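K.L.:
I am attaching a structure below and will ask some questions about it afterwards.
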C-alpha cells in the first residue's frame, strides 16, 4: 500500500525483515516532485554474507523439492502478482517516475516472466538416447547450481528482477537479490508477495545497497552465478570480476538502438512507433530507439510528421494520465542529459524539438521533454553514447545498405528495427544487422519471456541470455550419464 510517510527500507534475510548492519543510507526521492519518499540502506559486506549463508542453508532442502512442486509454488506467487497489479504499477510510478500506463505495461511483462518460470518442468527436461553402443544408454540430466545472485537496475524495477529470481528458483536454486538503490520499494513488495505465497525462508534474500553490495556478491565464493542488467561500463566490470572469481555471469549492458525507415513504410504507424520507442518511459530503457536512419526519399515527409506529433506530447507527473513523458530518475541524470543536448547543438546538429523548454507546470521534478535532432553524424557524442533519455537523433541515408552500415558502426548491438512493407528489405536487414534483437515493424523488439533476451558487441557480456531456454541453461548444470547394466 502506498502511503505519504517516509519509509525506512530494510533487507530481507532468511525469511525476515532486518535492519542493515551498516549505518549509511541514501535518500530516495519521488522523481516527479523531488520530495523524499524513503531512505534505503547502503548495506555492507556483512549483510551480503548473512544473505548468502541463509541461501546456502535453504538450498539443501529447496533443491530437493520435486520440480512440479516448485512450479506449483510459483503459481501461487503468480496469482498474487496478478491480484496486486494496480498497486505494483503505482509503486513503480511513485519511485521510478514513468507514467502509470508504462508502469502497468511493465507489470504485465514481469508477470509473463513468472509464467515462463512456472513451466520449468518442461524446460528442465533432459535428453536420452538408448543403445548408443552395445548395451549402453546415454542421457543428459539438468541440476540446479546452488546460490545465485541478481543485480538489477532502476528502469524496470519489476520486470527485470522477475526475469531472474523466479526462473532460478524454479530450477532449484536459492537467490540473493540486489536491486537498484534508486527503486527499493517495489523490490520490497515483490519479496513480501513471494513469502506470502508460502516459500520456505532463505530461498529468496534481498540486500539493499550500492557498490559494496555488488562487490561483495562478485567476490563471495559461495555464489555460483550472477545475472546483471545495467550500463556498459558496470556490465563489463561485473563480467570481468565475476568470471575472474569463477562465477557464471550474464551481463546485459548498454545500447544505442537504431531504426531504419524505408520509403515503403506505413508512415503513420512508423511515426507513432518511433515516438513510442524513443519517448515512452522517458527513454530510460535499453531497448529505446535513440537513432533513426531515414532514407532520403521519405526523410522530409517523415520528419515533418514526426516533429508535429512529438510536439503534442505532454510532460509531467506519471500519475496524470494526460502525460506521456515522465521525469528522469534523478537530478544528476537530468543534468547529464541536458549536457548531451547542449553538446549536440554545439556539434552542429539541428535541434527540431527542444526538450529543455517544457511547460512550467511540471514543478520541481527531474523533467526533460522529448527532444529531436536532425543532421546528426557518427562523430557526435549524441550518436555515439547511450544517453538514456527521451533524446532522438536523425541521420539521413541514401538507401537500406547505408542504413545497415550506419547501424553496425555503433559499438552497441542490443536492438534494431526496420520499418518497411517489403519482405526482401526485412530479410536483408535481419541477415546483415549486428543487433541481438531485431524488429520488423515492431517498435520495441524486446522478446516475450519464452525467448532469450541478449544483445551483441558491447551490449552483452557472457554466453547465455536471460529468459527462455537460455535462462534455464544459465541456472542449471548438466550431467551426461553413460550407463551399462550387467
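Including glycine, each Cβ sits where the backbone N, Cα and C put it.
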K.L.:
Please identify which of 5, 386, 401, 402 is recorded by Swiss-Prot as part of the NAD(+) site containing 154, 178, 181, 182, 231.
P.N.:
386
K.L.:
How big is the Cα-to-Cα gap, in Å, between residue 154 (NAD(+) binding site) and residue 286 (active site, nucleophile)?
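P.N.:
Between the Cα atoms of residue 154 (NAD(+) binding site) and residue 286 (active site, nucleophile), the distance comes to 12 Å.
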K.L.:
I need the CA-to-CA distance for residue 178 (NAD(+) binding site) versus residue 286 (active site, nucleophile), whole Å please.
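P.N.:
Approximately 19 Å lies between the Cα of residue 178 (NAD(+) binding site) and that of residue 286 (active site, nucleophile).
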K.L.:
Highest CB neighbour count within 10 A among the binding-site residues 178, 182?
P.N.:
178
K.L.:
When you measure from the Cβ of residue 181 (NAD(+) binding site), which residues in the chain that are at least 6 apart have a Cβ under 8 Å away?
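P.N.:
Expected: 26, 28, 40, 42, 208, 209, 210.
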K.L.:
List, in sequence order, the same-chain residues at least six positions removed whose CB sits under 8 Å from that of residue 386 (NAD(+) binding site)?
P.N.:
231, 232, 254, 255, 256, 290, 412
